[in-house]
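Q: I have a structure here, written as structure tokens, and I will follow up with some questions on it.
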Amino acid sequence: MIARLAGRIAEKRDDHAIVDVGGVGYLVHLSQLSLASLPPPGEPAALRVYTHVREDALDLYGFATEDEEAVFRALIDVKGVGPRAAQNILSGIEARELAQAVAQGDVARLTKVQGIGKKTAERLVLELKEKLVALARAAGPARAGAEADVLEQLRTALLNLGYRPPQAEGVAEALRDSAEGRPLDELLREALKLLRG
């Protein structure tokens, strides 16, 4: 079972990257947040990996952080949530924010994430509340630290996606007034829309 890959980023696509390790290219499925945190193609990178073995395929799911991997593994233990669905959920909400919403039983927050309906949100709260409570505590009551530097995270993500520093800075400044309390993935989607014009 593959648990970690370290090599160079060969390609970055909408939902995956190809990591070149010793001349072999591994296709690794990634959430939008992990994908945005990767360096540009040609640069070295290391990813935590979950190997999903099926009868007809072997899929790799990658994570930029330990928290994201822990939440992913918890999500796939929930009935009706497979690896693809878990990855899609983590594209719509940061791992710690999801853990906090589950720990607080915040069904309304969970249903704002694409791919999570009311029944799935209730199931997540019911099945994961105890598993994710430690991670939720680490997130803090108001995520003040994350909110304070979300614009810096946005700039870094845009630079890693290949945008020039003036472009990243300009879009971050344009979104400054609306950034407070919004998750990085939401701001990143809006920033990409602005950049694509």
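If you go along the chain as it appears here, the first residue is 1 and each next one adds 1.
Yeah, the Cβs are placed from backbone N, Cα and C, and that goes for glycine too.
So Swiss-Prot says this about it:
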REGION    1-64  region 'Domain I'
REGION    65-141  region 'Domain II'
REGION    141-145  region 'Flexible linker'
REGION    146-197  region 'Domain III'
Q: Quick one: mean pLDDT on the region 'Flexible linker' (141-145)?
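A: Averaging the confidence scores along the region 'Flexible linker' (141-145) gives 47.
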Q: Which numbers of helix, strand and coil residues does DSSP report for the region 'Domain II' (65-141)?
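A: Result for the region 'Domain II' (65-141), in helix, strand, coil order: 56 helix, 0 strand, 21 coil.
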Q: Please list the DSSP helix, strand and coil residue counts for the region 'Domain I' (1-64).
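A: When I sort the residues of the region 'Domain I' (1-64) into the three classes, I find 6 helix, 38 strand, 20 coil.
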